[in-house]
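> Below is a structure I'd like to ask you about.
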Amino acid sequence: MRPRTKARSPGRALRNPWRGFLPLTLALFVGAGHAQRDPVGRYEPAGGDANRLRRPGGSYPAAAAAKVYSLFREQDAPVAGLQPVERAQPGWGSPRRPTEAEARRPSRAQQSRRVQPPAQTRRSTPLGQQQPAPRTRAAPALPRLGTPQRSGAAPPTPPRGRLTGRNVCGGQCCPGWTTANSTNHCIKPVCEPPCQNRGSCSRPQLCVCRSGFRGARCEEVIPDEEFDPQNSRLAPRRWAERSPNLRRSSAAGEGTLARAQPPAPQSPPAPQSPPAGTLSGLSQTHPSQQHVGLSRTVRLHPTATASSQLSSNALPPGPGLEQRDGTQQAVPLEHPSSPWGLNLTEKIKKIKIVFTPTICKQTCARGHCANSCERGDTTTLYSQGGHGHDPKSGFRIYFCQIPCLNGGRCIGRDECWCPANSTGKFCHLPIPQPDREPPGRGSRPRALLEAPLKQSTFTLPLSNQLASVNPSLVKVHIHHPPEASVQIHQVAQVRGGVEEALVENSVETRPPPWLPASPGHSLWDSNNIPARSGEPPRPLPPAAPRPRGLLGRCYLNTVNGQCANPLLELTTQEDCCGSVGAFWGVTLCAPCPPRPASPVIENGQLECPQGYKRLNLTHCQDINECLTLGLCKDAECVNTRGSYLCTCRPGLMLDPSRSRCVSDKAISMLQGLCYRSLGPGTCTLPLAQRITKQICCCSRVGKAWGSECEKCPLPGTEAFREICPAGHGYTYASSDIRLSMRKAEEEELARPPREQGQRSSGALPGPAERQPLRVVTDTWLEAGTIPDKGDSQAGQVTTSVTHAPAWVTGNATTPPMPEQGIAEIQEEQVTPSTDVLVTLSTPGIDRCAAGATNVCGPGTCVNLPDGYRCVCSPGYQLHPSQAYCTDDNECLRDPCKGKGRCINRVGSYSCFCYPGYTLATSGATQECQDINECEQPGVCSGGQCTNTEGSYHCECDQGYIMVRKGHCQDINECRHPGTCPDGRCVNSPGSYTCLACEEGYRGQSGSCVDVNECLTPGVCAHGKCTNLEGSFRCSCEQGYEVTSDEKGCQDVDECASRASCPTGLCLNTEGSFACSACENGYWVNEDGTACEDLDECAFPGVCPSGVCTNTAGSFSCKDCDGGYRPSPLGDSCEDVDECEDPQSSCLGGECKNTVGSYQCLCPQGFQLANGTVCEDVNECMGEEHCAPHGECLNSHGSFFCLCAPGFVSAEGGTSCQDVDECATTDPCVGGHCVNTEGSFNCLCETGFQPSPESGECVDIDECEDYGDPVCGTWKCENSPGSYRCVLGCQPGFHMAPNGDCIDIDECANDTMCGSHGFCDNTDGSFRCLCDQGFEISPSGWDCVDVNECELMLAVCGAALCENVEGSFLCLCASDLEEYDAQEGHCRPRGAGGQSMSEAPTGDHAPAPTRMDCYSGQKGHAPCSSVLGRNTTQAECCCTQGASWGDACDLCPSEDSAEFSEICPSGKGYIPVEGAWTFGQTMYTDADECVIFGPGLCPNGRCLNTVPGYVCLCNPGFHYDASHKKCEDHDECQDLACENGECVNTEGSFHCFCSPPLTLDLSQQRCMNSTSSTEDLPDHDIHMDICWKKVTNDVCSEPLRGHRTTYTECCCQDGEAWSQQCALCPPRSSEVYAQLCNVARIEAEREAGVHFRPGYEYGPGPDDLHYSIYGPDGAPFYNYLGPEDTVPEPAFPNTAGHSADRTPILESPLQPSELQPHYVASHPEPPAGFEGLQAEECGILNGCENGRCVRVREGYTCDCFEGFQLDAAHMACVDVNECDDLNGPAVLCVHGYCENTEGSYRCHCSPGYVAEAGPPHCTAKE
């Protein structure tokens, strides 16, 4: 648990801990008992405690009106952050109710003030404006008891007394400073006028503005740009969106804005109407387009100016405004939305929230009340799966992971509270019938809203996601009491229980404000939009004149202030700015003017929204952006309503930048082994874990991959670009690829099929009735046909038609259509319950009976000769278009008369009465009537109740007093000191009583106080008196006990107990006792109360040579020292004569007994070791004979010096002298040589040193020379002439012994990523690459099936989509239809292709003919290469075949009719055998890898794709497209072996180093292996001194100059090895023969055993019968003896080196046998080849049947011919040539092949003899 920290407000310490706020929960209620409630259900004092200012329609009361009470059970505190002028003086009687006009006039306090601490979120009055004082009723001068009198305009009174500290001038605060609340320190700056728009006062007269504001008092709104979450584009923030006071009604939920402009300076507030068009006319036309997921707000923050103005760069709490519950709530302007993509918010599992609550309360003392606000701890909460509860803070926070549309509110993790006009899980469905109530979701949220709590809603981005234009948004809802405010600091996503590093949500690039953020965003739900002619003109920003018809250049964005990315063709300004352009111009480019959110007719001109253009004076037509050239590079453009989207072709997908299409092979999830080397026909050196081909081949690590050993493609080839589109060193993660899909909504899945057309999409069905729609081919909208948005049925869908509409000739006033449009008029049926176009066929037709269902909607249709008229039902009115009936908003007439909140409903309304009123219903009329609270019992207990309008007040009786809550409270007379001076005062309602005190008490000031008896002398003698309430108690001293009445102490007779003095005589005394006459071995203790044992061991001299053990009354000597033993009596230790013991010995000396030990007297030159052995004296341990330039080595009776480099031995080898290197030759080329002690110096520049190889001055690698001390735990990086220290290995890496950071291969766990994907290790992490049809799970550790039916919109058109494992099927609902995959819809059976009568009978198609399929590779003769056998013509010619059949008929070309007949579904698709449904053949993707087998991709692995396949070459191979196969890649041409010799092999290479260079970790560089042992701690772990002579078990004559391994020492001139003098095996022993590998070869050669040519012989596993360790436990190794040559065999191995060979003919009666001979494996070893013996690698029996190559981190093996490397065991295993070369018949014709160790033998059949050439047997001649 992290320590609790205390947040501090400016200038005062937090005095009350945050734990005091524990009672907070999701639905806490403040304790009742207050006199009355304010209009939103909160309690407030009665009468004149506060004047209530009201908002129209039940808005929040003014901040000055609401008295909010805390949870601390103290006197309640007023709202924090209010100016003193806002706290009205109390008065008697009822408050004056504002008139209707006044109630409708929003006050300044209503507009700008919130219940929050002043230093945090208070909004001040703008510069130059005065806050209107609340209207108060005149109150009598009589003040109320306990209520402070406050001046209306007086500033905060400074504390009394003289101030000290900072900013103090003359005992008072300096100008510009004031004291902070509850402190006496002048640390609070003053800004007059105050900072506006929630700006904070940083220093005197210096405001720090929030984002989006500027000015000296933050009064100016910055014309910045905000990302529109709904339309997924950056749009200019208009006046209605910038206002900090913007509110949206939560009851209506239809997008209506209710806000007021700021009042003019010095003028009272006046009612304002919202500007026209502030919300899009179709912003909520269909909820399915309001996608929820990624969203982002991008704001530009200005820098500080010269006017002492500061600007905050902090990210604002969210794209919308803070939301509080109550009757009116502020919600974000738009619903958070995302492109058509996966809803990433659903995958959020664990979220962290960092917030700070603020608590305000009022404390009153001595008639003075003070307001105190304190900030709680900055608290971090975690939410698992959407719910979180922190027991420390008492908060319960939930996250809304679902979208609540149409004004709905999230009340749980997966639950929305919907308004009256919508229903569904997301509030996305309209109410089916106007008179039907919403589904039962009202009870719980309604009770929630009426609770005396506040709900704060914050919409914030997840702060630890990667920065992008569309970060995930999370809505955080917090319910809390009104006196608390919450500030959210951070919302971060936590993965896997570990808190990841945070990433700032910043966007450095600025896209154009009206360009779609990404492909896939659709701005409108219909291709046609009407202009709203019934609304006032909407003010638009001034735009440059647009000359019609003038063509110019259209630019998409700007780069460094210059227009960039122009389109390929010239366009008009309207076409450019209305579609994808951001700038336009002919000679000079200018920004495009902003577009309206919906069609608006202004000054007779039609302004169309983004993505639409004018069709005529009243219609806007969708712009087909896909006609613009170059819009979707390497992708297909799909036009949408008001926008477009780019989709990649099959087999491709968008890369993470969403700017280009890459092959889906780049995120293949298939895993396999990655091989670092290739041998002849096989892969070698595989990595330990399976990885993807991308990781293997794109990272330069592997040469081949997969079970088929597929060679990695060469860089620059098409195959390389497919899997590595980003080049070497980069791969794509599947999580980086966003599929251009979205989940279908519930109503879309249940929607009936609709016809498909040529265009992208049509209108969606209406909410009232579901009926098929037609796809719009050329759509437009008419002005004046959209119903009012107040209608609950409006704003859902705009039905589109495919032709021009007929005009209503009734009351609709619209211009006629052109004649050419009228000529095409046809009858059209349209659902009237949605936003429709009223269409007619021809005049004279009865429209009311033309088949449409209730044309007028909620009304009666009256047919007229030239049209029709609608007579609306009660509660409805005629729409301004005169075409149908819409809901009448009765609330505009205030039917509730200011006594309640009016909620308009479809065809009716409802009054929600304020507290103090009750609802009275009379027919269709509702009104609020006053409640007579005085009729309720106990309302004014102790007083008289007087009812008032909407409230009541109490007149208190005698003995009672009016409290601030409006109740009569009994006066406690007992509080006065003079009441009952000689007794106890008992208060009673309205009076009191005096009672006499009990015993032990006395009267004092009306109370009975305890008498302290302990003050009386003599009480509790021999004890301690403890006063009790009304009595006392005695606690006795030791030796005394309490009397029975506990009022005294008496002596205890300790001698009465046998436990006292058990070993002596007991004598009782007063309060104690004494012991005497103790037994033998005991003595009396110091206090005389016991006979204690006498510890003899404490006396000196007892057991001097042993351990004295004390016993009861005695002691004994035990555990005698070495050389001593206990005496017979056990009371002493006596000496032992060790020289008498035959087991004791003094090896090499004379034994002499001593007291407690013995001595070994050694001869001269030896010294005693271990007390028993005389060893040679090590002179090197004494004086430094060879120091300081040599190392002293002891010898038998002497020593010699091993001189350091640069010194030579002198004086008979007993000293070292310096060698002057500069005297011989100048070793410093390009520098000056200076001889030094033991060396020389080349004078070079700082940071450089002479190279030991060239003598030139080269850079000093400080990191290598000095190692870890240079940078400690950090990583050292060398630089020319210097070095730098950087942080060590990053997470996901571990440090290798050489200091390199090596990636941790998480994919070592085979279960990672499951069975439908494979793990792809990346640098520092890993990713799961899933198979086709699968996607990565939310955990990221496995692959799950992709439900294409949910993610792909209308993938099967009108057919039913059925998801299957890894794919999906399209099924028609009717058995009489079949799905046409080419056209994408269901059609009647037999409509195309073969008719039903022609279809074959039965359920299966006839079996096709199968023959051989031939490839057409270059360099091969036609029909010479069989690609596959037993294939059909479709399987051959529709895939990779060139010809087919016995006649080798050529396959038709792809553009021929014959090819279309054989392959109707195209190349890569073949008919499904047996799938014959109603006469139609089903086609599927051809799996070429299965059809043609391994022959399709030799030296590689075949991977099937849809359609086609790819060859994943083995490591060391690359794909040759011309030959269609994997060919060997010559790594030696890529400089794969640095400082060594590279030898290319089939599929791999070998790097050989010249001594003393060895291979490094990469296996591609030779480096110096003679580094210091400090750099290589385990490099020479098996290197030590080699001793040439061993005498008397003493090693002598060490091998001078270097150290060796155990095998090197014993097999050359040594007899013992290492400091432990490990003896070598005898040279005549079998162990020596095995160790040095010499005698065995000679013995076997003498026995006539011949060895295979080209191979060096080494012992096998069966030959090692001796212990694998030497005598001292050190390992010994095989040693390869000198190479030898013997006569060549009769049949040489074809893989060996060619030479003249003479056949050896055996007896004709016996089968010939090939017997290999021992020859040199490399007649001429290549230069740089490290021909090391196995033991030189410092390994144990390693690399048998091969050479050991020692590298820095260990060793590797180069196997002899006939053997191959088993990388798992690092051993060379035999190659079975008889099975490896396609069977023994190839090797031994007319005989049989027998495999041998490292070779093989051919046994010829009778009548055949061995042939000298190929390994065959020929007939005898």
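Placement of Cβ uses the backbone N, Cα and C atoms for every residue, glycine included.
Because the structure is a prediction, the values reported are computed rather than measured.
According to Swiss-Prot, the record shows the following:
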REGION    38-58  region 'Disordered'
REGION    81-165  region 'Disordered'
REGION    94-115  region 'Heparin-binding'
CARBOHYD  Asn181  N-linked glycosylation site
DOMAIN    187-219  domain 'EGF-like 1'
REGION    229-339  region 'Disordered'
REGION    232-249  region 'Heparin-binding'
COMPBIAS  280-292  compositional bias 'Polar residues'
COMPBIAS  304-314  compositional bias 'Polar residues'
CARBOHYD  Asn343  N-linked glycosylation site
BINDING   Leu344, Thr345, Glu346, Lys347, Ile348, Lys349, Lys350, Ile351, Lys352, Ile353, Val354  heparin binding site
CARBOHYD  Asn421  N-linked glycosylation site
REGION    510-544  region 'Disordered'
CARBOHYD  Asn616  N-linked glycosylation site
REGION    744-772  region 'Disordered'
CARBOHYD  Asn811  N-linked glycosylation site
DOMAIN    887-929  domain 'EGF-like 5'
CARBOHYD  Asn1170  N-linked glycosylation site
DOMAIN    1176-1217  domain 'EGF-like 12'
DOMAIN    1218-1258  domain 'EGF-like 13'
CARBOHYD  Asn1309  N-linked glycosylation site
DOMAIN    1345-1387  domain 'EGF-like 16'
CARBOHYD  Asn1430  N-linked glycosylation site
CARBOHYD  Asn1568  N-linked glycosylation site
REGION    1639-1821  region 'C-terminal domain'
> Report, in whole Å, the straight Cα-to-Cα distance of Asn421 (N-linked glycosylation site) from Asn181 (N-linked glycosylation site).
47
> Tell me the residue counts in helix, strand and coil for the domain 'EGF-like 5' (887-929), as DSSP assigns them.
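Going by DSSP assignments, the domain 'EGF-like 5' (887-929) contains 4 helix, 24 strand, 15 coil.
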> When you rank Asn616, Asn1170, Asn1430 by Cα distance to Asn421 (N-linked glycosylation site), which of the glycosylation sites ends up on top as the closest?
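Nearest listed residue in space: Asn616.
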> So of all those glycosylation sites, Asn616, Asn1170, Asn1430, which one's Cα sits nearest to Asn1309 (N-linked glycosylation site)?
Asn1430
> For each of Asn421, Asn1309, Asn1430, count the other CB atoms within 10 A of its CB; which of these glycosylation sites has the top count?
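By the 10 Å Cβ neighbour count, Asn421 comes out on top.
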> Report the mean pLDDT of the predicted model across the region 'Heparin-binding' (232-249), rounded to a whole number.
36
> At a 10 Å cut-off from the C-beta of Asn616 (N-linked glycosylation site), count the other C-beta atoms across all protein chains.
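Excluding its own Cβ, Asn616 (N-linked glycosylation site) sees 15 Cβ atoms within 10 Å.
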> Please report the Cα separation of Asn1430 (N-linked glycosylation site) and Asn1170 (N-linked glycosylation site) in Å, rounded to an integer.
86
> Report, in whole Å, the straight Cα-to-Cα distance of Asn616 (N-linked glycosylation site) from Asn1170 (N-linked glycosylation site).
114
> Counting only other Cβ atoms and using a 10 Å cut-off, which of the glycosylation sites Asn181, Asn1170 scores lowest?
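With the glycosylation sites Asn181, Asn1170, fewest surrounding Cβ atoms within 10 Å: Asn1170.
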> Under DSSP, the domain 'EGF-like 1' (187-219) has how many residues in helix, strand and coil?
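For that range the per-state counts are 0 helix, 13 strand, 20 coil.
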> Within the domain 'EGF-like 16' (1345-1387), how many residues are helix, strand or coil going by DSSP?
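So the counts come to 4 helix, 18 strand, 21 coil.
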> Sort Asn616 (N-linked glycosylation site) into helix, strand or coil using the DSSP assignment.
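In three-state terms, Asn616 (N-linked glycosylation site) counts as coil.
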> Can you count helix, strand and coil residues in the domain 'EGF-like 13' (1218-1258) using DSSP?
4 helix, 16 strand, 21 coil
